[in-house]
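**Student:** Found this in TrEMBL, in case it helps:
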{"type": "TRANSMEM", "residues": "32-61", "note": "transmembrane segment"}
{"type": "DOMAIN", "residues": "52-316", "note": "domain 'G-protein coupled receptors family 1 profile'"}
{"type": "TRANSMEM", "residues": "73-93", "note": "transmembrane segment"}
{"type": "TRANSMEM", "residues": "113-138", "note": "transmembrane segment"}
{"type": "TRANSMEM", "residues": "159-180", "note": "transmembrane segment"}
{"type": "TRANSMEM", "residues": "200-227", "note": "transmembrane segment"}
{"type": "TRANSMEM", "residues": "257-280", "note": "transmembrane segment"}
{"type": "TRANSMEM", "residues": "300-319", "note": "transmembrane segment"}
Amino acid sequence: MPDYFKMVNGTSVNVSEDGHGFTKIAYFEEPYYLLVIYCVALSLIFVASLVGNVLTCIVIYYDRTMHTATNYYLFNLAVSDLLVTFPILIFIYQILSGSALLEFEYGKMTCKFIICVHFMVVTILWNNGILVMTVLSIERYIAICYPMMLKGTPVWRRVGKIIAIIWVIALLEALVEAFYTMDVYDTGNNLICFLIPNALSKLLTAIMAVVTFIVPLGIMTFVYTMIAFKVNNNNPKYHFKDTVLNNGSNRNKVNKLIIALTVSFVICWLPYFLIRVILVVVDTDNFSRTDQYWSPAHKIAMFNCWFAAALNPLLFSLMSTKFRKALKKLWERRVKKRNVLTEKSFSNTLQTSRITKMGI
């Protein structure tokens with residue numbers, strides 16, 4: 001079999017014979033220490049995302065004061081980020097094992113099905129996160145600029161419908177993965193699947209690149225600009241009745257949060273957007289000539305997407321004074337309850353000991 005080049009989940013791999021009739025399938029050679037550093041960084045993201053998103057879910061679930069529209073969206077975002085965190089372990093395994101591919105022993109249909117489902121699930125969760133961030137920005141805009149608009153609307157009913165719509169849209173966006181051509185190579189012992197972009201999938205990928213990055217970024221930029229204008233406007237007729245938002249230090253906090261949210265979105269999702277654009281405009285057969293650039297670029301894009309899952313709970317939850325107070329209250333309640341149980345257990349033990357000594 002001659003040397004040839006394929007794309008696997010957007011990652012370049014070399015498939016060739018080694019001169020002895022054996023097939024070699026692996027990443028193009030990269031310094032091992034860079035791969036180790038990359039895997040360590042991904043492991044840190046895994047831990048940070050796991051802790052941050054679990055804490056977000058626990059606090060919102062147990063503290064009734066946190067049962068607001070915004071926090072329902074944040075709970076949905078945390079669940080999505082939590083689920084998308086676990087494929088990091090698969091990605092780390094693929095890197096350290098030297099293989100960019102998943103191998104199967106149960107037939108071509110199983111091979112195709114598992115690969116397609118795996119990529120679709122990850123894409124659905126990423127798309128869901130982007131959509132939730134976009135809806136959150138709109139929700140904040142309405143709450144600050146038009147606070148009376150949502151009055152009288154049952155919170156859970158409205159938020160529940162929007163969250164359901166978000167998941168449906170995320171699923172429809174991820175269906176693009178189903179239009180990729182699937183190539184299966186039989187090594188004799190197992191099957192290895194390749195996802196190859198075709199004309200239709202390239203067109204759909206281009207559309208999705210716009211829908212999942214340009215449109216959300218445009219909406220967030222407009223919305224946060226309007227919020228900043230409202231918060232910072234010195235005209236008395238634009239001042240808020242809420243003295244908290246009229247306070248200078250709080251306005252500065254709002255401005256910093258707006259900048260942080262916008263910049264973090266660009267940093268986390270721009271590389272992934274550019275990768276999608278490259279897949280559309282560049283012939284995949286040419287990637288083999290520029291793999292020293294393509295392979296690191298793909299790793300950076302994947303890293304940033306997962307970094308978003310660890311960053312979201314920090315920006316949306318842990319930076320919130322109200323959330324930190326709720327977390328502290330929950331922690332103190334748990335510790336206090338544990339101490340009471342410990343004291344009660346100790347008291348019962350002591351009483352039993354006294355009764356035993358008295359011979360009763």
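Just so you know, glycine gets a Cβ as well, placed from its N, Cα and C.
Walk me through where these features lie, including what they touch and how far apart they are.
**Tutor:** Under 8 Å from some Cβ of the transmembrane segment (73-93) lie the Cβ atoms of residues 39, 42-43, 45-46, 49-50, 52-54, 56-57, 60-61, 118, 121-122, 125-126, 128-129, 132-133, 135-136, 139, 159, 162-163, 166, 302, 306, 308-310, 312-313, 316-317, all in the same chain and six or more residues away from its ends.
If you look at the transmembrane segment (200-227), the same-chain residues 6 or more away from its ends with a CB under 8 A from one of its CBs are 127, 130-131, 133-134, 137-138, 140-141, 144-145, 173, 176, 179-181, 254, 258, 261-262, 265-266, 269-270, 272-273, 276-277, 279-280.
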**Student:** Among 159-180, 257-280, 300-319, which stretch has the most Cβ pairs under 8 Å to the transmembrane segment (32-61)?
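**Tutor:** It is 300-319 that shares the most Cβ pairs under 8 Å with the transmembrane segment (32-61).
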